[in-house]
Amino acid sequence: MAPIPEAPGISETATDNNFSNDEARDKSRVTIVGSGNWGSVAAKLIASNTLKLTAFHDEVRMWVYEETLPSGEKLTDVINKTNENVKYLPGIKLGKNVVADPDIENAVKEANMLVFVTPHQFMEGICKRLVGKIKADVEAISLIKGMEVKPEGPCMISSLISQQLGVNCCVLMGANIANEIAVEKFSEATIGYRENRVTAEKWVQLFYTPYFSVTAVQDVEGVELCGTLKNVVALGAGFVDGLEMGNNTKAAIMRLGLIEMKAFCKLLFSSVKDSTFFESCGVADLITTCLGGRNRKVAEAFAKNGGNRSFDELEAEMLQGQKLQGVSTAREVYEVLSHRGWLQLFPLLATVHEISIGRLPPSAIVNYNEPKAVRGSNKL
Ligand SMILES: NC(=O)C1=CN([C@@H]2O[C@H](COP(=O)(O)OP(=O)(O)OC[C@H]3O[C@@H](n4cnc5c(N)ncnc54)[C@H](O)[C@@H]3O)[C@@H](O)[C@H]2O)C=CC1
Ligand SMILES: O=C(CO)COP(=O)(O)O
C-alpha cells in the first residue's frame, strides 16, 4: 500500500471565524480522551493542525482524569490557566485552543472525532461510561498500546472501543517517545485502518506536522499488535541493561523479540501483513522503546535490584504517575500463550513475564545453559 500523500490541505490557514454557520456545522470537533504524557503531546499536535485546517473546529477538548496537585490546585484548572500539563508534560505549551475538561461525558458529547490515549488498563471502564453518550457517527482512533484478555480470547483495545461504543476505530502507533515529539524532534508514525481510506486520510491530516510524518496502512491488527508487543520485548531489553550485558545482547533480544512479535501477530490474525513490521509501528518502535522507553528504564532498575523490588513499587517511584504497559501486557500475552498451548513457541515473551513476576531471575533473559529462547524463536 503506497503511503497516503502527505497531509493534504495542511497549508490551509482559515480559522472558525472565517466561516458561515453552515460551514461551521460541517467541521469536525475533536476530543482527546486521556491527558498523560503521550495524550498531552497528541493534544499539542492536533491543536496545531485544527487551527490551520478548515475541516476542523479550532477547539480541541481534552478529558483529564482529575487529580489534586501538591499545591492543592486541580490539574484541569492549572492546564487551562497555564496551557501546560504540569504533571505529565511540564514545560510544553499545548496550544491555547486545548481545553481541559474533567467531565468525560461533557468532553465527548459534541465530538465527531475521538482520540483515545489512556493507559490500556483503564479503557474498559472508560468505554462503559461512554456507552450512549457519544454521537452516532463518531470516528475513533486509538493511540493505546495494550490489549485485554477475555475468556473468549484476546481483544485489542481498538476492538474493545468498536464493540462497546459501536464506532469505527483506527489506530496510530509508531516510534513515538512522547517527550521527543513534544520538543518537535522528527518522528514517524503509522495509522492502521480497516476499510475506510477516506477516514484514514482525515486522521493523517489531523496528526501530520513537518516533524511528525504519518503513513496509513490497511492493517489495524498488525499495527496495534506491534505497538502492544514491543513493550514486552522492551522489558527484556531493560533486564539486559540492568545486568550490563551490553549492546550485542540487547540487539539479540530485539531480533528474537521481532521474530516472536511477527509470529504472534500472524497466529492471532492471518491478515497481518509482512510489510507492517517495516513501518514505524514495527521495527522502529521496537528499537526506540528498547533504547529509550519507560518500560526499558524501569526493567533496568528491576534487574539492578535483582528482582527484589516490584515493578509496581519502581513504577510509582520512577514515573510519578505515568504508567507502564509492558508488565500487564506480558501477563496478558502469557495468558494467551498458556491457553492456546503456545508457551514453547514464544520463549522470549514467556520468559519476560516469568521474570517480571519473580518466578525466574532477571538473568534468565539469556539462559546460556539452556538456549531454548534462541532455538524456539528461530523455529517460528
Ligand atoms: N508516553 C509515551 O511516550 C507513549 C505512550 N504511548 C501509549 O499511550 C497510552 C497512554 O500513555 P500516556 O499518555 O503516556 O499516559 P501516562 O502513562 O503518562 O499517564 C497516565 C495517565 O493515566 C491517567 N490515569 C490514572 N489513573 C486513571 C484512572 N483510574 N482512570 C483513567 N485514567 C487514569 C493519568 O491521569 C494520566 O493521564 C499508553 O497505552 C502508552 O503505551 C504510546 C506512544 C508513546
Ligand atoms: O510507546 C512508546 C514509544 O513509541 C513509549 O514506550 P514506553 O511506554 O516504554 O515509554
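In case you wondered, yes, glycine gets a Cβ from its N, Cα and C as well.
Nobody curates TrEMBL annotations by hand; they come from automatic prediction.
Residues or ranges marked as region 'Disordered' by TrEMBL: 1-23.
Marked as domain 'Glycerol-3-phosphate dehydrogenase NAD-dependent N-terminal' by TrEMBL: 30-196.
The NAD(+) binding site feature in TrEMBL is assigned to Gly34, Ser35, Gly36, Asn37, Trp38, Gly39, Phe122, Ala178, Arg294, Lys323, Gln325. In the structure as shown, the Cβ atom of Gly34 (NAD(+) binding site) sits within 10 Å of 25 other Cβ atoms.
In this structure, Lys145 (substrate binding site) belongs to neither helix nor strand by DSSP; it is coil. Here TrEMBL flags Lys145, Arg294, Asn295 as substrate binding site.
Within the model, the domain 'Glycerol-3-phosphate dehydrogenase NAD-dependent C-terminal' (219-366) shows a mean pLDDT value of 97, rounded to a whole number. According to TrEMBL, the domain 'Glycerol-3-phosphate dehydrogenase NAD-dependent C-terminal' annotation covers 219-366.
In the three-state DSSP scheme, Lys230 (active site, proton acceptor) falls into the helix class. Sequence-distant neighbours of Lys230 (active site, proton acceptor) (same chain, 6+ apart, CB under 8 A from its CB) are Lys145, Gly257, Met261, Asp285, Leu286, Thr289, Cys290. Residues or ranges marked as active site, proton acceptor in TrEMBL: Lys230.
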Lowest 10 Å Cβ neighbour count of the binding-site residues Asn295, Gln325 is held by Gln325
DSSP tally for the domain 'Glycerol-3-phosphate dehydrogenase NAD-dependent C-terminal' (219-366), helix/strand/coil in that order, comes to 115 helix, 0 strand, 33 coil
Cβ atoms other than its own within 10 Å of the Cβ of Trp38 (NAD(+) binding site), all chains, total 24
Sequence-ordered list of residues in the chain of Gly36 (NAD(+) binding site) that lie 6 or more positions away and have a Cβ within less than 8 Å of its Cβ, or none, is Tyr88, Val117, Thr118, Pro119, Gly321, Gln322, Lys323
